[in-house]
């Protein structure tokens, strides 16, 4: 307040009290000089006027992280480090986990669901950054059931309102094929089964693109299709030594799991290749089957676009044409009965009507006269 002495700097008597947080100060209103500062401690009489604030109404409860959430955040970071993801991926996955954990349905969920939530947040982050990681790979690391994981994954995506991009098949093929143990000789892999990585990867990509163009990938898990395409690519590079090797043995040599639908995808790919081979005259005379067509995969892929167009567009139209029998052609002799209503459609003038009536009457009279004996 004014009247409490003078400012030592400017000599003004306009001194006012100003509370800086909990510390009172005497400040000159003219120059802003702090004349005196109060102490931070309070007297016993001041403390008697204070009120107790319950913990539930303070900010400390909202800032505290439960043990379950702390454990989940550690699991997210550990999983990102095991997968060797960039640091930005780890931060994004942690943020998604914290957002999901704010929902009461997630906080009250069972421990199994919270464990799966860790993998879902990491998978969402990888999908958004186009990082080639499959749901099956995370399920293997977490020992989680694939059906349970997929249902919780869709629930989290919907809960957080995320827009997930489609998985890039090319990047997934590169990552998945790199894990095959077929690129260097070992006691478990004979020399005739060892293949160059770049050649095998290039042909596998072409076969996967062929499967995508012929609707073998849409709505299906990608790994069985990639496994079948990798097997065919590996066989076609050295068919003389590898045609006798089965898909199950191939997966065992490559040290990868055999997906259950991979055998069905293999048969579908072979059926597509056979239809393409029928469009080449020099292959049509060889009467290829699903075993021998593997030898000519390189030639078929070289002309893939034109052969697919011929096999699945013109071929479909031809099948539809064969299925429909042409209507029988009736021979017109001129003796067919023509109804009166049809004849009247062709009469235009009154003279034509009169001529038609006279001709009709003469015909009736001729038919009513009996024939002479």
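From the backbone N, Cα and C atoms, a Cβ is placed for every residue, glycine too.
Taken straight from Swiss-Prot:
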type    : residues      : note
BINDING : 7, 10, 28, 31 : Zn(2+) binding site
REGION  : 108-114       : region 'Interaction with target DNA'
REGION  : 318-337       : region 'Disordered'
REPEAT  : 72-157        : repeat '1'
REPEAT  : 173-249       : repeat '2'
ZN_FING : 2-36          : zinc finger
Worksheet entry | Neighbours of 7, 10, 28, 31 excl. site residues, C-beta within 8 Å of centre, Zn(2+) | 8, 9, 11, 12, 14, 29, 30, 32, 33
Item to complete: Output the one of 28, 31 that, of all these binding-site residues, has the highest number of other Cβ atoms within 10 Å of its Cβ.
Response: 28
Worksheet item: Three states by DSSP: which one describes residue 31 (Zn(2+) binding site)?
Response: coil
Worksheet item: So what's the mean pLDDT when you look at the repeat '2' (173-249)?
Response: 90
Worksheet entry | Per-state residue totals over the repeat '1' (72-157) - DSSP helix, strand, coil | 68 helix, 0 strand, 18 coil
